Amino acid sequence: MFNNLFAQSGRLLRINLKRDRFKMLTWIVVIIGLMIGYASKIGVIYSSQSSVNALMVTLRSPAMIAVLGYVPANVKMTEAILFSSEMLVFMGLFYALASLLLSVNVTRGDEEQGLTELVQAKGVGRQATLMAAFLESVVFNLVMFVLLGVGLQLANMTGSNTNGNWLTAALLSGVGLLFGTSGILTAQVTAEARTASTYTIGLLGLSYLVRMMIDVQNPDYNWWSPLGWIERGAVYYDNNWLPVVYIILAIIVILGAAIFLSARRDVGAGLIATRAGKATSRFLRGPLTTLIKVDAKGFWSWFFGAIIMGLMYGSIFNSITDVLKSNKFMEQMFSDAMKNKASDALLLQFLSTLSVVFVLIGTVRGIVLVNKLDGDAKKGYLEQFLAKPVSRVRIFWTYVGYALVNALMAFAAGIGGLYAGNIAVMGNHPLALKYFTRLFAGYSVTIAVMIALAAVVIAFAPKLKSIAMIYTGVAFVVMYFRSIFKLKDWMVELVPYGWMRDIPVKEIDGTVLLGLLVVAVVLLVVAASGFQRRDQIMN
Amino acid sequence: MADQIVLDVQHLQKKFGKFQALKDINLQVRQGEVVGFIGPNGAGKSTTIRTILGMLKADGGVVKVFGEDAWSQAVQIHQRLAYVPGDVYLWPNFTGGQTIDLLLKMSKQQHSAKTDELIKKFELDPTKKNQTYSKGNRQKIALIAALSCDVDFYIFDEPTSGLDPLNEIIFQAEVVRLKDEGKAILLSSHILSEVEKMGDTIAIIRQGTIIESGSLDEMRHLTRTNVNVSSTGELSTLKDLSGVHQFKLIDDSKNKAEFSVDSDALQAVMQVLTDKGITNIQVAPPTLEDLFMRYYGDTDVEPEVNKHVQ
């Protein structure tokens, strides 16, 4: 029975590992490289006590806590604790993302392409593909565990200890495997790879947001989020291994559920069955309407996702200004006008750091849609358009235009949510609307530049389409960590967002805005003519 | 008007990186003509068709449809053309009926009585979602959308590979109807009997080159005739005649034999046969299968190229 279910899992695993080796290697190099590189340089970057103190002020600000997690109080700050407070939660996000994308691709992605059908006809156990996907996630996270553990040992930060180094590695790999397994579970429920990864990423986003709310308001409750478990490890000061046990238990439960569900469904189908529909549609008439209908689910998920995220960030605005009320001196000596000014200043600082998150959401949304131009060509959808009296240029502008509009809509939804949250919690003195509109106006053009860049890549070298996404990731890290990593201005200006780094505190520089707009338009025109000239179906 | 050229491909070449996919393609399709475009998998049929449709840019040669350049005038050309791809992929979550209407609308055509008739004939349920259709049903959707278009040129890329025999017959009848209406049809296939039923002209492609083309009659002229004969005299001496191939005695009898004869040697062989005292003879024209075997059979058989293996 057992044999029958899991037969040849090992062989499948080997095949999958061989196929995914470059993907996995890229993730490993990026994640481990970033962590070990930083761990070994942290003593150089923060050589003096005063620079460490300055950093602690930054890290204890609500914006940083919201993104990076809380910093332990009443603990002597060492390089090791500094490292864990800065890196662990955020890296946990990367571990989880890498694992879930891999496992969804192995299960659902393969099934969609009909590979599973091919494989299961060949004396492979019914549950073998699921098991192979799980084992691949285990192997991937195990490799990361060993590399990170050894790397941290070698980096030898002051204040680090062997127990803490391996606990760090175990917590991160554990969270990676946890979300990898969750990806396998959702892949059983949904009928498409894209939906499965959307759900799991949604779950990850939710864990992250819950942790954020808790960390900003009361860190004692962060047992409630799997990403909070990483913080509960209290690495390097308490070295608590209990969260690792929690993670392992959770993995077993989720894997069990996935196996249970998988046994109850057919290959190629999800648990949620596809219903029949109407034979006609008044709406559908060309490429744009087709794109809108195909993307409808994606549209609403991104739209509401961004609003919710904005609302959640907006709803902690009052916690940020709480510091003013708790200060007795300020309470008594400052006039209301002065207090309001101080409140605005705090919020603006928070907003200027945090807005990059929403810029990222908008950009990613847009780039995913631009890359669809290549994805749909590969899937054979584009061939249907191209055989019709529809010009190549029209197809290009349809996809890119749709991407641009949607990117800005997702960005606007996030900023709108932020503003609404701000209105809801800030009572008689919310932050003024003009700062939010300034934020939107300024960063919109940078998003347009990023999308135009993605379009150029798609037009000239679709095989390299991941470049745009990688550049976006780099741009985000540069913007968010420029103060921590002490980046120079010219470095920040290597990414489009960097040109808007002073808003919303300062006004938008009109020349810069116009310059970015010209860059975006030129890139788009170049991309359109490139697309117009190349083969539409690339082998 | 009847012999007006609709498609004219001259010395078409196409490279993908270093791989020369098309070396020398020459192909014509006239009004009221069904041209069978035959070759094994991976020979370059779909690449040729995609170049004709302006999805791929030719590296050399001329591709003209309705006298206009296939790449630069694609939009104008496509208003008068219908196409069914070899692998039909349809947008998920649309129903079959919605897909047919969308394909028609994009061709600036109406959902007509003809469309309903075809949906009925092919027994398609238009309310199901695209992702739940089998390969054959997806193919039907594309076929219905194409066949109910009123255009001048139809291109079918291996259109019946997923259809059952009954649907195949319906499709063939539709193609004959189009032909009678004076439409031009290009039909690619590796199923030879299919083309034989509809085609007047065939072009054989191999490794990116058209190695033979002409009307079916002309092609037969170049080929062997199959003979099955019984006689009073012994037949084994026929084996050594020039122009006789694949000679085989049937049932170990000396008076029954099966062989094929080169068309130009037919006269001589028949004279020898008459002297043997024929009791029964069946002479069959070569099927395209024979024709095909002559080009591909003896020499290297090309490996099946699966497009979806990455």
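Each residue, glycine too, has its Cβ placed from N, Cα and C.
Keep in mind that TrEMBL annotations are predicted by a computer and have not been checked by a curator.
According to TrEMBL, the protein carries these features:
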type	residues	note
TRANSMEM	A:24-46	transmembrane segment
TRANSMEM	A:87-107	transmembrane segment
TRANSMEM	A:128-154	transmembrane segment
TRANSMEM	A:166-185	transmembrane segment
TRANSMEM	A:197-214	transmembrane segment
TRANSMEM	A:241-261	transmembrane segment
TRANSMEM	A:299-320	transmembrane segment
TRANSMEM	A:346-370	transmembrane segment
TRANSMEM	A:396-420	transmembrane segment
TRANSMEM	A:440-461	transmembrane segment
TRANSMEM	A:468-485	transmembrane segment
TRANSMEM	A:510-531	transmembrane segment
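When the stretches A:24-46, A:241-261, A:468-485, A:510-531 are ranked by Cβ pairs under 8 Å to the transmembrane segment (A:346-370), first place goes to A:468-485. Using a cut-off of 8 Å between Cβ atoms, the transmembrane segment (A:468-485) and the transmembrane segment (A:440-461) share at least three residue pairs, counting only pairs 6 or more apart in sequence. When Cβ-Cβ distances under 8 Å to the transmembrane segment (A:24-46) are tallied for each of A:87-107, A:128-154, A:299-320, A:510-531, the top count falls to A:128-154. Taking Cβ pairs closer than 8 Å, the transmembrane segment (A:128-154) reaches residues 5-10, 12-13, 16-17, 20, 24, 27-28, 31-32, 35-36, 39-40, 95, 98-99, 102-103, 106-107, 110-111, 116, 119-120, 160, 162, 165-166, 168-170, 172-174, 176-177, 180-181, 184, 188, 255, 258-259, 262 in its own chain, all 6 or more past its ends. Here the listed stretches are A:87-107, A:166-185, A:440-461, and the one with the most C-beta pairs under 8 angstroms to the transmembrane segment (A:197-214) is A:87-107.
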